[in-house]
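Taken straight from TrEMBL:
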TRANSMEM  39-63  transmembrane segment
TRANSMEM  75-97  transmembrane segment
TRANSMEM  204-221  transmembrane segment
TRANSMEM  242-263  transmembrane segment
TRANSMEM  275-302  transmembrane segment
TRANSMEM  309-330  transmembrane segment
TRANSMEM  350-375  transmembrane segment
TRANSMEM  408-436  transmembrane segment
Amino acid sequence: MLYNNNEYVRTTCFVSGFTLRPLNLHEDSIMLISYPGELFMRVLKLMILPLIISSLIAGSASLNARMNGKIALRTLVYFVATSFMNALLGIALVLLIHPGDPNLHNTADRSTDKRAVNLLDSLLDLGRNVFPDNLFQASFQQAHTVYLPKPNILHTFNETLNDTAIGSEMEPTEELQTQQQQQGNDDEEPALIRVVQYRSGTNTLGIVFFCLVFGTILGTIGEKGQIVVDFFTAVFEVIMKMVTCVMWLTPIGISSVIAGKILGVNDLHLVMEQLIWFILTNLIGVCLYQFIIMQGIYFVFVRRNPFKFYAGLIQPMLTAFATASTAAALPITFRCMNDKLRVDQRISRFVLPIGCNINMDGTALFIAIASIFIAQMSGIPLGFGELVTVLLTSTAASMSSASVPSAALVLLLVVLTAIDAPVQDVTLLFAVDWFVDRMRTTNNMLGDCYAAAVVEELSRKELMALDAAILYQEVPVGTPNGNVLLEGQTELDSKCSMSDSVVIDINNVINSSNLQKESTGYRA
């Protein structure tokens with residue numbers, strides 16, 4: 001089928017972009033080339049919110065509260081461990097390759113922005129977004145800390161007096177003029193105050209937290225809440241059918257997005273030449289993690305061929321690469337994980353929405369590399385203490401990263417401030433972040449998928465126990481003499497095992513068990 005032709009998509013993306021660059025197309029032409037990809041991304045993003053809500057509520061409600069806690073703990077430990085591992089890998093690579101050339105510092109178009117950014121603000125904003133005070137507002141706004149000039153009450157009062165004096169044809173006093181002159185000198189370096197504001201963007205962390213709690217409690221009220229569970233399950237299935245329709249547009253959409261990005265970069269050759277070692281360091285880190293570390297983790301825990309699992313994720317990888325957003329690729333990721341790779345839907349619905357918000361393996365790798373790269377470029381020596389600071393802050397900052405394009409550049413300021421490196425040099429990386437961002441996004445997306453597979457394997461006993469409990473509830477209850485048999489079966493044909501009050505058809509139990517294994521385990 002057309003939307004499964006990944007080689008066509010990969011080839012068309014880059015060939016079309018680099019072939020059209022020598023034509024020096026007009027800005028309007030580039031916009032028209034990018035337009036189908038823009039529509040493709042908008043449709044994908046349209047389905048993110050209903051998909052996250054329906055999948056988390058239906059998934060967490062299908063598990064009991066105790067199991068939700070175990071799965072959440074395993075998922076969180078896995079996410080922290082892999083983010084830490086990526087940050088450590090990034091530090092090792094950047095120290096070994098040493099891509100930071102001090103000559104780049106002189107040619108960089110640097111900004112003079114000296115905004116105060118620290119790890120405390122980032123962590124506090126993370127907490128504010130996890131616990132939103134308005135669920136409706138969380139669907140389109142996020143809380144974040146900004147620094148604004150401190151208002152001067154005396155200056156405002158002086159302006160009022162002067163306006164009054166002018167209105168009454170009176171001259172301002174010399175004292176007021178002197179105060180205004182002093183205030184003018186103070187305005188050159190105004191004092192900054194910390195203010196919590198809201199910016200545009202879905203607060204998915206708050207929505208994820210609410211849906212997890214809502215779904216977990218919903219699963220504890222039994223039959224009373226079943227109609228709500230069925231509703232969100234139906235919503236999830238409808239969204240996935242919509243995703244199937246959208247996937248027919250994948251070749252056109254992805255080709256349009258990447259070709260437009262390639263055509264829109266000015267002086268592509270110069271940028272690549274200046275930052276080639278920085279790009280290669282990130283690329284080596286991404287490849288090492290994807291093809292060695294990630295596959296090793298999968299093989300150790302799941303005991304199956306990891307590369308066949310990896311091959312089944314090519315389509316969401318392409319979508320993540322094109323959109324530079326893990327959340328935008330989430331609908332297609334769900335479809336491949338559930339339909340193609342046969343990961344238990346109860347696990348995928350639980351892990352994937354959480355992962356696309358807090359599991360940023362590629363971001364941890366990038367932040368570690370970029371922070372030390374800027375320090376090398378500025379000639380700043382980093383000791384063991386500074387490297388440990390980079391390791392810890394990169395891990396923490398990556399878990400507070402939003403699943404939107406170029407969010408890592410903002411978090412990079414946190415790490416640079418922690419090691420006292422110049423934050424204005426971050427602007428140099430904007431020229432290549434359109435490409436590096438796509439590399440790290442594929443790492444983020446794959447990390448979520450492998451996490452779901454590992455957590456499923458670690459939770460297999462709990463899932464089987466839950467299946468057995470559900471099967472036990474569905475078996476008809478008989479009399480103490482055991483006279484009740486399953487419909488359409490005779491006592492001889494059913495080969496049943498009788499207890500004092502329950503008749504269980506052994507054939508049905510075995511068939512149900514086999515069906516469950518087929519539906520929850522990926523088979524090559």
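If you go along the chain as it appears here, the first residue is 1 and each next one adds 1.
Just so you know, glycine gets a Cβ as well, placed from its N, Cα and C.
Away from its own ends, the transmembrane segment (275-302) comes close to residues 82, 85-86, 89-90, 93-94, 97, 99-101, 104, 309-310, 361-362, 365-366, 369-370, 373, 428-429, 431-432, 435-436, 439-440, 442-443, 446-447, 450, 453-454, 457-458 of its chain (Cβ-Cβ under 8 Å, at least six residues beyond either end).
The listed stretches are 39-63, 75-97, 242-263, 350-375; of these, 39-63 has the most Cβ pairs under 8 Å to the transmembrane segment (204-221). Count of Cβ pairs under 8 Å against the transmembrane segment (242-263): among 39-63, 75-97, 309-330, 350-375, the largest is for 39-63. Counting Cβ pairs under 8 Å to the transmembrane segment (39-63), the stretch among 75-97, 309-330, 350-375 with the most such contacts is 309-330.
Residues 51-52, 55-56, 59-60, 63, 68, 71-72, 75, 79, 82-91, 93-95, 99-100, 204-205, 208, 211-212, 278, 281-282, 285-286, 289, 326-327, 330, 333-334, 337, 382, 387, 390-391, 394-395, 397-403, 407-408, 411-412, 415-416, 419, 421-422, 425-426, 428-429, 436, 439-449, 451-452, 455 of the same chain, all 6+ positions outside the transmembrane segment (350-375), place their C-beta atoms under 8 angstroms from a C-beta of that stretch.
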